[in-house]
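K.L.:
Just passing along the structure, written as structure tokens.
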Amino acid sequence: MAALATAEVCDSNATLLQSGELRALHPIFQIYGQGRAFSGPIVTVKVFEDNVLVRELLETRGQGRVLVIDGGGSMRCAILGGNLAQLAVNMGWAGIVVNGCVRDVDEINGCDIGVRALASHPLKSNKKGVGEKHVPVYIGGTFIRQGEWLYADSDGVLVSKSELST
């Protein structure tokens with residue numbers, strides 16, 4: 001899939017931006033991983049300082065999808081690390097957006113996947129299995145729904161109600 005430049009998408013889709021069918025997330029995310037630009041249909045998960053459901057989803061075939069993790073913006077531990085990033089690569093995920101922290105940054109940066117997160121933190125998360133899969137989440141100033149499309153590059157992250165053409 002050809003990567004769409006987010007700045008160009010914004011410039012050429014003023015009507016979609018105005019209607020809310022295309023939204024730009026607030027510029028709060030750090031860039032990790034080798035995938036500087038990625039896109040795909042969204043899978044959502046909502047957790048808080050617990051990554052069991054994150055692992056469960058990443059163990060499924062990614063098929064070029066993007067996992068959007070609403071970690072509640074927690075800065076107290078990481079909910080994605082090097083092992084899960086490599087699992088995502090192995091299973092064919094296009095990217096991961098984390099409203100929370102990551103760890104094992106050097107390992108993630110060695111993986112052929114795009115990751116966006118608020119920050120890094122050395123503490124690992126809980127393993128209780130608490131959370132919800134496939135639910136709307138509110139991240140970066142916008143609601144994000146399962147099945148919408150995410151486009152990320154060095155300029156930022158966009159979410160569209162439908163797939164955009166190049």
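The backbone N, Cα and C atoms fix where each Cβ goes, and this holds for glycine too.
According to TrEMBL, the protein carries these features:
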| type | residues | note |
| --- | --- | --- |
| BINDING | G81, G82, N83, L84, R103 | substrate binding site |
| BINDING | D104 | Mg(2+) binding site |
K.L.:
Identify, among the binding-site residues G81, G82, the residue whose Cβ has the fewest other Cβ atoms within 10 Å in this structure.
P.N.:
G82
K.L.:
Using a 10 Å radius around each Cβ and counting other Cβ atoms from all shown chains, which of the binding-site residues N83, L84, R103, D104 yields the largest count?
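P.N.:
For the binding-site residues N83, L84, R103, D104, the Cβ with the most other Cβ atoms within 10 Å is L84.
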K.L.:
I need the neighbours of the substrate site defined by G81, G82, N83, L84, R103. Which other residues of that chain put their C-beta within 8 angstroms of the C-beta centroid, in sequence order?
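P.N.:
Here the non-site neighbours turn out to be A78, L80, A85, Q86, V102, D104, E107, I108.
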K.L.:
Express the distance between the Cα positions of N83 (substrate binding site) and the residue listed as 'Mg(2+) binding site' as a whole number of Å.
P.N.:
8
K.L.:
Would you kindly give the Cα-Cα distance separating the residue listed as 'Mg(2+) binding site' and G82 (substrate binding site), rounded to the nearest Å?
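P.N.:
So the Cα of the residue listed as 'Mg(2+) binding site' lies 5 Å away from that of G82 (substrate binding site).
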K.L.:
In whole Å, note down how far the CA of the residue listed as 'Mg(2+) binding site' lies from the CA of G81 (substrate binding site).
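P.N.:
That comes out at 5 Å between the alpha carbons.
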